[in-house]
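Encoded as C-alpha cells, the structure appears first; notes follow it.
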Amino acid sequence: MAPTCLRPLLRYRSFAILFLTPLLLLPLPLAVSTREAKCAYIIIIMAVYWCTEVIPLAVTSLMPVVFFPLLGVQSSKSVCLQYLNDTNMLFVGGLIVAISVEQWNLHKRIALKVLLILGVKPALLMLGFMIVTAFLSMWISNTATTAMMVPIVQAVLDQMDNTEYDVTMMEQAIGQTNTVIELEEKSTSDPAAVCVVSNGQVPDDPRSSEEKKMRKRICKGMTLCVCYAASIGGTATLTGTGPNMVLKGQMNQLYPNNNDVVNFASWFGFAFPNMVLMLVLAWLWLQCSFMGLNFKKSWGCGTERTAKEKAAYSVLKAEMKKLGPISYAEFNVLLMFVLLVLLWFSRHPGFVKGWATRLFPEGEKYITDSAPAVFIALLLFILPAHKPKFIAWNSSMSDPEQTEEDIKKPFLSAPLLDWNVVQRKMPWSIVLLLGGGFALADASANSGLSAWLGRQMTPLGSIPPWAIATVLSLIIAVFTECTSNVATATLFLPVFSSMATSVKIHPLYVMLPGTLSASFAFMLPVATPPNAIVFSYGQIRVLDMVRSGIVMNIIGVFCVTLAINTWGRPMFELDTFPAWANSTMNQ
C-alpha cells in the first residue's frame, strides 16, 4: 500500500525539488539580508540541484551568472570571468591533446603493446589491464579509457573460454583429463550443445559447476579492475580528472598569492606515488577476491603457457596486427604528447629554475601550465596528418597527367585534428561545471561567507590535523558515490579551505585528501561513468560492486592519509601555516 501512496509523489519529485527548494529556503535571504546569506541561499539551491540532478549539472552551473548579480552578491562581469579562467583553459588544452590521441588510436597501440610485454598469465593479465588503464586515464578521460579497454578484456576472456571449451570437448571424447588446463570451462546457452560420448550417455563432470563459478569470478575480477584502475589513474595528473582541476582553480581563487603551490609537477610528485600504491593494493585485493591466493596457479612461473593463455596472446597479437605499422599521424601526435608532458614538468620544477624563468623575463609570474597546453593544442590544428609531398620544379613530363594532379594537391594535407571532431568529443558540460564551481568559490570569498564558515569551525582546532583529514576523506568518499565527483569537490573544497584557515593548518592538508577522495567512486554503477560502462556488460551485479567497492574506498582513504602524512608534508610544507593563507584571511 505504501508504494501505491508514494507513486504520485515520485511522479512529481523533480517538479517539487525544482520549485519547492527555492521557496522553502527563501526566508534565509529575507530574514538575514546580508551578502553572506544571499550567497549561501544560491549555493544551497545549487547543491540540492547538483545532488538530485533535477536539471543537467551544466545548467545548474550557470545559475551564478543570473542570481549573484540580481541579489547583489557580485557583478555580472566578476561572475562571468570565472567561467573561462586560466584553470579552465588548462583543462581545455589538455582535453584537445587527449582527443587527438583517441582520434588516431594511439592509446590502443600503447595498451596492446604493454599487454603483449607483460604476458597473459592470469595475475599478470589483470596487472597488465590495470597498468594500461591507469596510465591512459592519466592523460585521457577515464570514460574513454574504460570504453576502449573493456572490449579488449571481453575479447580476451571470450577467446580463452572458447579455447577451454574446445580442449575439454576433445579430452572428454577420448576419455582423458588434461591437468594442464586450470581455468574454467565455457558455459553454453544452447541446451543441445552438450558433450556426448560414443555410447550416447552424457558424461558426469564433477568439476564443471565449480569451474563455471570460477569462470564467472575471473570475468568479474578482470572487468572490475578496468573501472577501478581508470578512477585511480585519473588522480595521478592535474588534468587527469575534474576534481583535480577544481582544486587548482579554487586555490587560485581563494589564495591568489599562493606562489603556484599546486602545478603539474608538484601535483604529479605527490599523487603519482599514491596512485601506484593504490593500484598495487587494488590488484592484490581483486586477486584475493576473485582468483584466490594460489600464486603458482596465477603466476605460473617456470611453466609453459596453457592453451587458454596462448589463445589470449593470439587475440592481443591479432588486435595489434590490425593497427598496422605506426603512421605518420600517430608519430606526430605521440611527439606532441611527449613535448607537452616535458613542457609541463620543466616549466616550474621547484628544485631548479624552469624554462619559463630562464627563457622569458618574469616568466614564472606570467606563464602558467595553460600556456604550453594551448600551444600544443594549436599545433595539432596545424601539423599535417600525412607526410608533405615535395615536387621538383623541373619534374619529368613522362606522365604529364600525374604531374599535373600532384601540382594541384596542396603541399600540406589535412591537419592532425579537425575542429568538428573536437566539438563533438569535448565534454563542454564539465567546462561549465568547473566554471560554476569557480564562480561559487569566488563569491564565497568576496561576500564573506567563507570567513563566516571558518569562524564556526574554530572548535575543530583541538582535533589533530591528521584525524581531520582522515574523517573528511571518508565523508567525501561516501558522498561522491551518489553525486558527480566534480560537483562534490566544488561544494566541499571551499568549506575545507575556510575550516583550515580558521584552525590555522595548511589548507592543502585537508583540501588535497578531499580532492583525491572525490575520485574514489567504487561502490555503485551510477557513481561514475567507468563503473556504468563495466556494469552494462552484464557480468557484474550491484552487490558485487558494492562488496568490492567498500574495501576499495577503505584502501583509497588509507593511501591518501598515508600520502599526506609522509611525503606530502615536506613537499608542500604542511607543518607550517603559510603566509599566503594568513594574508588571505586578513583581507
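Every residue, even glycine, has its Cβ placed from backbone N, Cα and C.
Automatic prediction, not curation, is the source of TrEMBL annotations.
Pulled from TrEMBL, these are the features on record:
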type	residues	note
TRANSMEM	41-71	transmembrane segment
TRANSMEM	110-140	transmembrane segment
TRANSMEM	221-241	transmembrane segment
TRANSMEM	261-286	transmembrane segment
TRANSMEM	326-346	transmembrane segment
TRANSMEM	366-385	transmembrane segment
TRANSMEM	430-454	transmembrane segment
TRANSMEM	466-496	transmembrane segment
TRANSMEM	508-528	transmembrane segment
TRANSMEM	548-567	transmembrane segment
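Beyond its flanks by at least six residues, the transmembrane segment (221-241) meets 90-91, 94-95, 125-126, 129-131, 133-139, 142-143, 145-146, 149-150, 153-154, 156-157, 248, 262-264, 267-268, 271-272, 274-275, 278-279, 282-283, 286-287, 289-291, 369, 373, 485, 516, 519-522, 528, 530-531, 533-534, 537, 539-540, 544-545, 548, 552, 556 of its own chain at Cβ-Cβ distances under 8 Å. Using a Cβ-Cβ cut-off under 8 Å and counting only residues 6 or more beyond its ends in the same chain, the transmembrane segment (430-454) has close neighbours at 34-36, 38-40, 42-43, 46, 57-58, 60-65, 68, 73-74, 78-79, 82-85, 87-88, 91-92, 242, 245-246, 249-250, 253-254, 484, 486-487, 489-490, 493-495, 497-499, 501-502, 584-585. Same-chain residues lying 6+ beyond the ends of the transmembrane segment (548-567) with a Cβ under 8 Å from its Cβ atoms: 224, 228, 232, 270-271, 273-274, 277-278, 281-282, 285-286, 289, 466, 469-470, 473-474, 477-478, 481, 509, 512-513, 516-517, 520, 522-524, 574. Tertiary proximity for the transmembrane segment (41-71) is limited to same-chain residues at least six positions away from its ends with a CB under 8 Å from its CB atoms, namely 14, 17-18, 21-22, 25-26, 28-29, 79-80, 82-83, 428-430, 432-433, 435-437, 439-440, 443-444, 449, 482-484, 486-487, 490-491. In this chain, the transmembrane segment (466-496) lies apart from the transmembrane segment (261-286): fewer than three C-beta pairs between them fall below 8 angstroms, excluding pairs fewer than 6 positions apart.
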